[in-house]
Amino acid sequence: MKYLARLMDQAPVGIFIIALLATLQVAQEVFAPIMLAIMVGIVLSPLADWLRKRHLSDAAVALILLVAGLGFLALLLGALATPVSELVEQWPSIWSRLQLVLIDVRSALSSLQTVQERLTAAMKDESQMTVQLDGGGGVGFALTYAPALVAQTLVFVGALFFFLLTRKSIYNTIAQMGRTKEERVHLAEILADAEGRVSRYFLSISVINAILGTMVALVMFLLGMPFAMVWGLVAAVMNYVLYLGPALFTGMLLIGGVIHFTGLYALLPAASFLCLNMLEGQFITPAIIGRTMTVNPLLVFISLVFWIWLWGPIGGIISIPLLLVITALVSAGERRRHLPEPMVEEA
C-alpha cells in the first residue's frame, strides 16, 4: 500500500511530462524554431561578448550577428542552387538509372528470369514516372510547405534577435531566483559554465567539419565528381547532425556516383567519404575536442533519436547542444553537492 501511495504521489509528475511532450510535438512549428534560435544564440555568445567589448550596443551586436548569419545562409543556399536545380531537371533519367543499378545488384542474388521480369516492369513504369515528375509535383510540394517554412524562418529570426539582445538580462533573471546571495552567484556560474561548454563544443566541431569538408572536396575533385566544392560544403554542414548526417550524405554520394560513373567506380565516392568519416571520428575529433568534452555515446544516441522523433531535422540539430547544457547543469550541481560546507558558503 505504501508503494502504491508513493506511486500515486508521483502520478501528477508523469502526467505533466506526457502533457509537455504532447504540447511540444503539436506546437513544434513554434517551439522548434525558438529552441533552435536559443541554441544558435548560445553558440554565438562568445562573438557577442567580443563585439560588446568594442563598445557596441546590445541592439547593434544582435543586428550584426543576425545579418552575418543570414548572409552566410544565403551564400550556402546560393552555392547549392545550381546542383539542386540540375538534379531536379535530370531526376527522371536519374531514377531510371537507379532502377537499372538496383536490378543489376539483384541479379547477383536472383535468377536470370526474375531479373528480366523486373527489368521489363521498370521499363514500363519509367514513362509513367517521367510524366508524373514533369507534371509539377515538386512545385506543388514546394507551394504546400512554403508558408510553414517562411513562418518558421520568421519565428527563428525574431527569437534569435531578441535572445541575442536580452541574453544577459535573461541570465540575470534566472540567477535572481536563488534565495541567497550564494545561490544566486552559483546559478550565474552554472549558466556561464553551460554556455561556455556549448560554445567550445560548437567551435571545435566547426573546425572539425571545416577540415572534413576540405578533405571531401579534395577527394571528390581527384575522383572527377562535378561540383567538388559543393560536395565538401554539404559534407561539412551535414556532419553537424551526428550519425544521421553522415549516413544521409553517404546515400547522396551513392546517387551521385551512379549518375556520373559506371560499374564499381560508382561506389568510390561513398566509400572514400566513409574512410574520411572514420578517420575524422577516430583521430581528428579526439585530438581537437579531447576527452574532457566528450559525452556518453549512449546519451548522445538517445538524445538524437528523441529529438528527431519529436521535431524532425531541427531536433537533430539542437539535440547535442541541449544535451551539453543539461550535462553542464547536472555536473555543476553534483560538484556543488560534494563541496565541503565552508567552500559552498564561499562560492
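Keep in mind that glycine also has a Cβ here, set from the backbone N, Cα and C atoms.
Automatic prediction, not curation, is the source of TrEMBL annotations.
TrEMBL lists 7-24, 30-48, 60-81, 142-165, 207-234, 240-268, 314-333 with the feature transmembrane segment.
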>> Let me spell it out: take the transmembrane segment (207-234), skip the flanking residues so only those 6+ beyond its ends count, and list any with a Cβ under 8 Å from a Cβ in it.
In response: 76, 79-80, 82-83, 240, 249, 252-253, 256-257, 260, 268-269, 272-273, 276-277, 280, 284-285, 288-289
> Have the transmembrane segment (142-165) and the transmembrane segment (60-81) got at least three CB pairs under 8 Å, pairs 6 or more apart in sequence?
Replying inline: yes
> Where among 30-48, 60-81, 240-268 do we find the most Cβ pairs under 8 Å to the transmembrane segment (314-333)?
Replying inline: 30-48
> By Cβ distance under 8 Å, which residues at least 6 away from the ends of the transmembrane segment (60-81) in the same chain are close to it?
Replying inline: 40, 44, 47-48, 51-52, 157, 160-162, 164-165, 229-230, 233-234, 237
>> Using Cβ atoms and a strict cutoff of less than 8 Å, what residues sit near the transmembrane segment (30-48) while being 6 or more residues removed from its termini?
In response: 24, 61-62, 65, 69, 152-153, 155-160, 163-164, 167, 195, 198-199, 202-203, 311-312, 314-315, 317-318, 321-322, 325
